[in-house]
Every structure is written in C-alpha cells, then in structure tokens.
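The structure under discussion is supplied below as structure tokens; questions concerning it will follow.
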Amino acid sequence: MFSGLTLNCVLLLLQLLLARSLENAYVFEVGKNAYLPCSYTLSTPGALVPMCWGKGFCPWSQCTNELLRTDERNVTYQKSSRYQLKGDLNKGDVSLIIKNVTLDDHGTYCCRIQFPGLMNDKKLELKLDIKAAKVTPAQTAHGDSTTASPRTLTTERNGSETQTLVTLHNNNGTKISTWADEIKDSGETIRTAIHIGVGVSAGLTLALIIGVLILKWYSCKKKKLSSLSLITLANLPPGGLANAGAVRIRSEENIYTIEENVYEVENSNEYYCYVNSQQPS
C-alpha cells in the first residue's frame, strides 16, 4: 500500500512538472494570417468548455498575457480584432487566427481548455515564428527574371534593430550587389577614420609632452646657472671687487706707459743720426 501511494505521488509530481505539452512550431510570413490549431473532444454533445488564449507559456491557471477568452459558447474577451476564433465552437474547435502578423508576433502561445475539476485543464503550447516576406521576381529589360532571397540582419545601434537583407540573382547566376556591400564599405571607412584620428591625437599628445619636458629642462638649467653666479659673488672677500677694479686700472696705465716709451726711443734715434751727419769727412 505504501509503495502504491509513493507511485501515485511520483506520477502526480511528474504531471505537475511535465504538464506542458511539446511545443509545435508554426512559421508564417510578415503580413499573412497566422493559424494556431487547438481543439478538444466534447464528453457529450453540447457540453462546451471555457477556454483562453494567451501569449507566453501556460501558467498554473488561466492564461498569461491573455489575448482571447470564451465561456461555454461565446467570446467574452478579445484583446484586439486581430485575434479571432474561426473554428466551430460547438464541435470544440477553438483554433486561433492572428491577422496581418508582424515580427513582434513571434513567440510562444498557450491554448488552455478549462475542464472541470482540479488539475484537469488541457494545455497546449505552440511556437509561432515570423519570417520576412519574399520579394517577387522582377522582369529585366532583356527578359531575364531576377529572384530575390531575403535574409534577416540584426544590428545593434542604440538597441536591437532587425532589417531585411535582399540578395538578387539573375538567370545567368550573376549576383547583384545590394546595400550590404555599402554597409560593409562604410563600416571599413569609419574604422579607418577612427584609427587615423587616434594616431594623430596620440602623435600630437606625444609632441606636446616632449615640448613641455624641454621647456621645463631649460627653465631648470637657467635657474641653476643663476644660482651658481649668485653663490660665486657671495663667496668673494670684502675687498675682492675693489682689488679687481684696481688691477684693471693698473693694467690700462701700463699699456699707456709702454706706448710712450716706444715713442721716445724712436725720437732719440732720429736725433743721433742727425748729429753724425754734421761731422766732416
């Protein structure tokens, strides 16, 4: 008996943990109407059951982010006219139609059939994927048809942004360039400009630093020479300046005396020669 009770507890726990059914993925193009099937079997004819549709995983009760709700026979809540039930409610068909889908409609949807009793609800989770619309073939001037295959390109610039990239091919297999090449070229140009700007800024900064260091070194050297001159003058004896001036004056007088002596010697020689010339032969 104890083992049977344990087995029942384990089964109940598994039911609680694995109550969600496997997700079924449905893919639709942008602008189309999406169809998400959901139905249940009536226990007896006319025994309809309330249900709800929500966006997100099925919670423990009701529907998260409720989109549509019914009682036994009628729709009692509808978030938008885009969400409609097109099946036969009297036969248990509660499939959801989403009109004119966009990329924001992708995600998981919950269909909850609220059968009477505890833990008796039927929960069905369906995954909706939205892809970009295909571009129709265009006829060229020479009669060659051109096909386009769209791809989704995600870029991050002040947030997440999704764009459609179209690559064109003609019958000859020639690829027609699209704006993807322009984006690539512009990106390389921007990176090159950034690198050049960083290099120029670094060079100017280095030159400025070197100039400041040179000016600082020159200023320090000039101050050092001025300090040495002041120290030399301060170490001279009290009469040193006067003695230096006197020595300079005496040197100038000696120069004048030497010049006068030379002049007198030249005059005496001339006189001697003149006297000798007066003697008889």
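Here the Cβ of each residue, glycine as well, is placed from N, Cα and C on the backbone.
Among the features that Swiss-Prot reports, 1,2-diacyl-sn-glycero-3-phospho-L-serine binding site is placed at Ser61, Gln62, Arg112, Met119. The feature Ca(2+) binding site is assigned by Swiss-Prot to Phe115, Gly117, Asn120, with experimental evidence given as support. As annotated by Swiss-Prot, domain 'Ig-like V-type' applies to 20-125. Look at Swiss-Prot and you will find Asn74, Asn100, Asn172 tagged as N-linked glycosylation site. Taken from Swiss-Prot, the feature O-linked glycosylation site applies to Thr146. Look at Swiss-Prot and you will find Tyr256 tagged as phosphotyrosine. Residues or ranges marked as region 'Disordered' in Swiss-Prot: 139-160. Residues or ranges marked as signal peptide in Swiss-Prot: 1-19. Among the features that Swiss-Prot reports, topological domain 'Extracellular' is placed at 20-193. The feature transmembrane segment is assigned by Swiss-Prot to 194-214.
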Give the sequence-ordered set of same-chain residues, not counting Ser61, Gln62, Arg112, Met119, with Cβ within 8 Å of the centre of the Cβ atoms defining the 1,2-diacyl-sn-glycero-3-phospho-L-serine site.
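The answer, listed by sequence position, is Cys58, Pro59, Trp60, Cys63, Gln114, Asp121, Lys123.
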Apart from Phe115, Gly117, Asn120, which residues in this chain have a Cβ no more than 8 Å from the mean position of the Cβ atoms of those residues at the Ca(2+) site?
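Along the chain, the qualifying residues are Gln114, Pro116, Leu118, Met119, Asp121.
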Which ones in the same chain are close to Asn100 (N-linked glycosylation site), with CB under 8 Å and 6+ residues apart in sequence?
Gly31, Lys32, Asn33, Arg82
Just the number: how many Å between the Cα atoms of Asn120 (Ca(2+) binding site) and Asn74 (N-linked glycosylation site)?
22
Within the topological domain 'Extracellular' (20-193), what mean pLDDT does the predicted structure show?
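Value for the topological domain 'Extracellular' (20-193), mean pLDDT as a whole number: 77.
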How big is the Cα-to-Cα gap, in Å, between Met119 (1,2-diacyl-sn-glycero-3-phospho-L-serine binding site) and Asn74 (N-linked glycosylation site)?
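The Cα atom of Met119 (1,2-diacyl-sn-glycero-3-phospho-L-serine binding site) is 24 Å away from the Cα atom of Asn74 (N-linked glycosylation site).
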Near Ser61 (1,2-diacyl-sn-glycero-3-phospho-L-serine binding site), which residues of its own chain have a C-beta under 8 A away, given they sit six or more steps off in sequence?
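Correct list: Asp121.
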Can you tell which of Gln62, Asn74, Asn120 has the most other C-beta atoms within 10 Å, given these are the recorded positions?
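When each Cβ's neighbours within 10 Å are tallied, Gln62 tops the list.
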Using a Cβ-Cβ cut-off under 8 angstroms and a sequence gap of six or more, which residues of the chain neighbour Arg112 (1,2-diacyl-sn-glycero-3-phospho-L-serine binding site)?
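Spatial neighbours, sequence-distant, of Arg112 (1,2-diacyl-sn-glycero-3-phospho-L-serine binding site): Met51, Cys52, Trp53, Gly54, Cys58, Gln62, Cys63, Asp121, Lys122, Lys123, Leu124.
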If you count other CB atoms within 10 A of each CB, which of Phe115, Gly117, Met119 wins among these binding-site residues?
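Checking each of Phe115, Gly117, Met119, the winner is Phe115.
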Could you state the whole-number distance in Å separating the C-alpha atoms of Gly117 (Ca(2+) binding site) and Asn74 (N-linked glycosylation site)?
21
